[in-house]
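Enquirer: My structure is below; once you've seen it, I'll send some questions.
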Amino acid sequence: MANNPHGGVLKDLVARDARISAQLREEAAGLSDIVLTERQLCDLELIMNGGFSPLEGFMNEKDYKSVVDILRLADGTLFPIPITLDVSKEKIEKLSIQSGSRLALRDPRDDEALAVLTVDDLYTPERVKEAEQVFGADDPAHPSVAYLRNRVQDFYVGGAIQAIQPPTHVDYVELRYTPSELRSHFKKLSWRKVVAFQTRNPMHRAHRELTIRAARQRQANVLIHPVVGLTKPGDVDHYTRVRVYKAIMAKYPNGMGHLALLPLAMRMAGPREAVWHAIIRKNYGATHFIVGRDHAGPGKNSQGKDFYGPYDAQDLVSQYHEELQIEMVPFQQMTYLPSTDEYQPIDQVPQGVETLDISGTELRRRLKTGAPIPDWFSYDAVVKTLRESYPPRDKQGFVVLFTGLYNSGKDTIAKALQVTFNEQGGRSVSLLLGEDVQEDKVEKSYTPQERHVNAMRIAFVSAELARAGAAVIAAPIAPVEATRQSIKDTVIHSGGPGGNFFLVHVATPLEHCEKTDRKGVYARARKGDITGFVGVDSTYEAPAKADLVVDMAVQSLSEIVHSIVLLLETNGLL
Ligand code: ADP
């Protein structure tokens, strides 16, 4: 490893172009725009601040092919991951993008021009080859292969960048450092050796032990350098994680560690990703870099096997150790030894000594059920933070959606259920009847489209309330299967722990609904005073898969309410 205080040549384009950035901004106002995707935005930020040094732009075809084939830029410099700007064919044609064009690259969140790109070339992605070479298999179970297949546009546009300004962040500004800032920080603290720790997950005791052990081995300080750009879909959100990281920093001996956030878009490319991470941490001024078990692993492939071996990443990083300018600190899996209350890498545990581990799946189960998480695994402050973001089911919000004909009894059941929930307490309760979101409360003619729009308003509000932990009872007529599916999707994908959804079909027969209609609304519909009336001149599609089917013609109200309570209890919500 070549000598490195602190990190070698840095291509800080923001600093380089500072004098001309006002000029560039003016020029950008007159240029064709590319509004970046979230991933491109992360990549651009690291190109501009030097995190991806020696890159000075998005890769042209020569660099792309060489990186895909041999993990090197065309000039031979080690760089294992293609950093490419994909643009659609329509956009290329519409803007007449060609070699020599200058394009303004804009932030998708606030439309600010961040950089000007001078197009070097346009070329087509070699999707299958890129998947096989970079990610190890053309298997869409790999999140980056799925991204390549479904999201990456028809062309890659290569070219150098001139920086106008870095993207503006409003979250955790005090924890964000550019490579230059972090290098200066280390210098200021006289930290000559810094071991960087990459992570995309909440940290627990094993991770603290791992990093402190690395620091001890190398007589170094510790940089906790978590990724807050894009990680694996389904990961714990970065707000929760940063709260966890702040809590765990307090568990380090004073002055040993530093926390800085990295706006990287991970690719989950295992071994190649580890080499990339090492280069990035070198650029940020670290001298050492931890690679543990299954570094940046994407999980299982479509055959149910791990994409990469647990120590493949360490093997690939060692292959390049001569030229990396950062030293890897490899670790086997850290595991807990109850007999001595300590963590050890598994290869150093003497035979026959008992070990304990809690897997990610088991941890998620314990958070879900509220089961205890032992002190040997984590810290109170960390567990408390995770429990706030992932409350157990009896604290999570949920939506009970009633569907059924007019006067089927669904409003009566909904109101009775509201009373039951109010009696039970513990959650705020919201009742959203169909008529509450209509313009006036009188039954009148509605088109199917109007009914859909109404139902989707209810869906939006229900999802928001459930996300905030409420018990939501919603009762639009929702006569169409597609509408009910959209409501369900809105609730389930609302994010956070509120995605609990139950469909109750109030299947009271039309005859009964009509016979007991004291307001005479069916009579008005039969006469033609109201049109588009569900059950009369507009069809009701019965749900194919309701969670519960009830019928007011044959069941009592309390029986029905009790069956709903049992359904929720079975699902751990009450
Ligand atoms: P990723 O590697 O995708 O960032 P993590 O945040 O889980 O995922 O891991 C961060 C780093 O810590 C990686 O180098 C990983 O190999 C290492 N690591 C995590 N848990 C352990 C463990 N129990 N034993 C050894 N290494 C670990």
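Cβ atoms here come from the backbone N, Cα and C positions, even for glycine.
So TrEMBL lists the following for this protein:
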BINDING   Q198, R200, A296  sulfate binding site
DOMAIN    4-165  domain 'ATP-sulfurylase PUA-like'
REGION    396-574  region 'Required for oligomerization'
SITE      H204  site 'Transition state stabilizer'
SITE      H207  site 'Transition state stabilizer'
SITE      F331  site 'Induces change in substrate recognition on ATP binding'
Enquirer: So if I measure Cβ to Cβ from H207 (site 'Transition state stabilizer') and keep only same-chain residues at least 6 apart in sequence, which ones fall under 8 Å?
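Expert: Sequence-distant Cβ neighbours: F197, T199, I248, M334.
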Enquirer: Give me the Cα-Cα distance between F331 (site 'Induces change in substrate recognition on ATP binding') and Q198 (sulfate binding site), rounded to a whole Å.
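Expert: Per the Cα atoms, F331 (site 'Induces change in substrate recognition on ATP binding') and Q198 (sulfate binding site) stand 13 Å apart.
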Enquirer: Between the Cα atoms of H204 (site 'Transition state stabilizer') and Q198 (sulfate binding site), find the distance and write it as a whole number of Å.
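Expert: H204 (site 'Transition state stabilizer') and Q198 (sulfate binding site) have their Cα atoms 14 Å apart.
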Enquirer: Between any two of Q198, R200, A296, the residues recorded as binding sulfate, what is the biggest Cα to Cα distance in Å?
Expert: 9
Enquirer: Let me know how many other Cβ atoms fall within 10 Å of the Cβ of H204 (site 'Transition state stabilizer').
Expert: 21
Enquirer: For A296 (sulfate binding site), list the number of other Cβ atoms lying within 10 Å of its Cβ atom.
Expert: 23
Enquirer: Where does H207 (site 'Transition state stabilizer') sit in DSSP terms: helix, strand, or coil?
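Expert: Helix, per DSSP.
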Enquirer: For the domain 'ATP-sulfurylase PUA-like' (4-165), what's the model's average pLDDT?
Expert: 97
Enquirer: If you take the centroid of the Cβ atoms of Q198, R200, A296, the listed sulfate site, which other residues of that chain have their Cβ within 8 Å of it?
Expert: T199, V227, T231, M266, E273, H277, H295
Enquirer: Give the number of CB atoms, excluding that of R200 (sulfate binding site) itself, located within 10 Å of its CB.
Expert: 20
Enquirer: Cβ distance under 8 Å to Q198 (sulfate binding site), same chain, sequence separation 6 or more: which residues?
Expert: H225, P226, V227, H277, R281, F289, I290, H295, A296
